[in-house]
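In what follows, a structure is listed as structure tokens, so that the remarks can point back to it.
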Amino acid sequence: MHRLSRRSVSAILRYGGVRHRNAAASVSCSSPYTDLVGENDSNTKWYSKLTTGRLNTSKSSTQVNLKSSLFSSYRYESTAAASDSSDTPPAERYEYQAEVSRLMDLIVNSLYSNKEVFLRELISNASDALDKLRFLSVTDPGLSKDAVEYDIRIQTDKDNGIVTITDTGIGMTRQELVDCLGTIAQSGTAKFLKALKDSKDAGGDNNLIGQFGVGFYSSFLVSDRVVVSTKSPKSDKQYVWEGEANASSYTIREETDPEKLIPRGTCLTLYLKRDDKGFAHPERIQKLVKNYSQFVSFPIYTWQEKGYTKEVEVDEDPAEAKQREQDEKTEMKKKTKTVVEKYWDWELTNETQPIWLRNPKDVTKEDYNEFYKKTFNEYLDPLASSHFTTEGEVEFRSILYVPAIAPSGREDIINQKTKNIRLYVKRVFISDDFDGELFPRYLSFVKGVVDSNDLPLNVSREILQESRVVRIMRKRLVRKAFDMMLGISMSENREFWENFGKHLKLGCIEDRENHKRIAPLLRFFSSQSEEEMISLDEYVENMKPDQKDIYYIASDSVTSARSTPFLERLLQKDLEVLYLVDPIDEVAIQNLKSYKEKNFVDISKEDLDLGEKNEDREKEMKQEFGQTCDWIKKHLGDKVASVQISNRLSSSPCVLVSGKFGWSANMERLMKAQTVGDTSSLEFMRSRRVFEINPEHPIIQNLNVACKSNPNDDDVLRAIDLLYDAALVSSGFTPENPAQLGQKIYDMMGMALAGKWSQPAQVHGFQQHAAQSGNPEPIEAEVVEPAQAGTQK
């Protein structure tokens, strides 16, 4: 054993060149190990481990045994003279090992969330086999020399729990059985498509469904054992593949039973699990076919029990027969009864042609309505429908409908998971359970079908993969839906807005990108149209030439909006004001912000501009009532942010307006009424309140005089408090202490009514009480003038 010295390392670096560069690197990264080389030697020595190269040395390498027995390694000795090295040792390659039974279980039970999709997958495989045969027969007619129809047949045995699926497609050879069914996640369809793509002669369109190579294994969702008997036109022999759910192996044998030979295609026999034998009922199989594979391009037949009626003779009672023999005049007629004769036969299950694949010019309105009612179990005709095909970067076909009525309970506004959009891929139903991938929540009422050939799905074909293609599809579907709804709105259909108006208002909040499409569909009551709703386009057409903004007021009803003091000056100027009476209206308009370059303005907020500024008059009013405003603000304190002279009042003495950036009175009322509302946020979000007074009103003018003559009078201060509380209520706010407000009103009423009607009654009652008690009537005292001194009477 030799320890590499620094001189040896230098020689390797100097003369070894590129060949020894790795070895030198390993030397430089040496680690110290403590070992006993001899009995009397216990010093710590440094050993180098050359792991990246093998140097030609005169001595063989020996193993260093460490005392701790934790590490074992090989040390390669080297000298400065031995500069040549051999090639690096070949690395050994290992393949991953897997327990196939557990891997199969993971694949089957993790990819598919619903057991009933096994039939969809197997029918899709059968459809692919038929498509392959039809395509290959174009160049090789000998493949379809057997006069067998292109179809798929499903037969069930509910007593034994067996389902048999037979197709007359391309079939498989022995090697194809090994490649396709014996190799997990290897798709024969994907191979076929790749071969078509690489082939120069491939110019036709194909609609092959399978791409992932796991569809066949979905049969183990419901089966303990699967038997596949297949015959390819390329082979003279028929082979049988057999596998079990929890097994790690399968068998392939040649079919020798003459009764089980088929001319061409594949026959799958599923032996269902005990808990899944319900899938062997013919009615359930028929229902699954109609749901998932209704529009597969090949006919699908299911084995169904049928019946027909016929008349059969009834055996007569012996007594009746004897009586009939005695009565010769009675006509001899035999008694019969109607019975139902049952039998089993094949029934075509997917007889409906996909309506979206037809030319829209060839489809009538009745056809669209019939398809809508049948697909979505509706009894009313839809309000509108849209049939379109999108080509280019993303290709798909679709038919969209607007229902006649909204769902009861309006649950679709809260829960965006609806079953209103049915997604098909190459005419095979995939799913109708979406979470906003294809349509936003506010358009969840739109119903329809979408069929795409290149939609990006995951392996299970049930969950959409978030991608650019899906986003493009969503945009185009939403755009077509808005075009359809715009046509409805132009026809002045009031039912549409009554049913789906809240959905569109929700869109103003959630979908900023489509504000320009949503806004023309909105409808509101207004000060000039309290009976019928108007659109924003109609409002803009009715605007005054010098009007710059769209005015609105939010309230709980048209009646309260009509009587609000904020409207007084606008009605005098004949300016139209929108009434937002739906709880969602105010939030929707605030998110919309503007329409056709006209800003939405809340007339209950401060700094209202009506376009009639008169600086001289404003200056004069400030000089006249400025002191009064300061006096009222000082008395009200923190209840108001400021007291200003109003430009929106004409008949009311005062009003309480909200700040620009806080809640309005209507919004504050709504937030207080929330079931799960946070009361701590009310003080934070409640806007500053501005007390505006009308200088032309007699009450304000009297207060102005009182401010200058007797500002500390208790009656005047009580009048200011009552004026504030009255403005609080008339402006839509809720008083903090209603009982105190009521007491103030009672006190003011008592002062106003004192002695007005009650004085005569009180005097009469007092006199009557005095007479009854025997007291003498009161005598008026006579005032005597003082006599002069010395005067006598």
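Cβ coordinates come from backbone N, Cα and C, glycine included.
Sequence annotations record features per position, and here TrEMBL assigns ATP binding site to Glu121, Asn125, Asp167, Met172, Ser187, Gly188, Gln211, Phe212, Gly213, Val214, Gly215, Phe216, Thr266, Arg461. Of all Cβ atoms in the protein chains displayed, 29 besides its own lie within 10 Å of the Cβ of Asp167 (ATP binding site).
As annotated by TrEMBL, region 'Disordered' applies to 764-793.
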State the count of C-beta atoms found within 10 angstroms of the C-beta of Glu121 (ATP binding site), not counting that atom itself.
25
Would you mind listing, in sequence order, the residues at least six apart from Thr266 (ATP binding site) in the same chain with a Cβ closer than 8 Å to its Cβ?
Ala126, Ala129, Thr166, Asp167, Gly169, Gly171, Met172, Val228, Ser229, Thr230, Lys231
Specify the count of other C-beta atoms within 10 Å of the C-beta of Gly215 (ATP binding site).
26
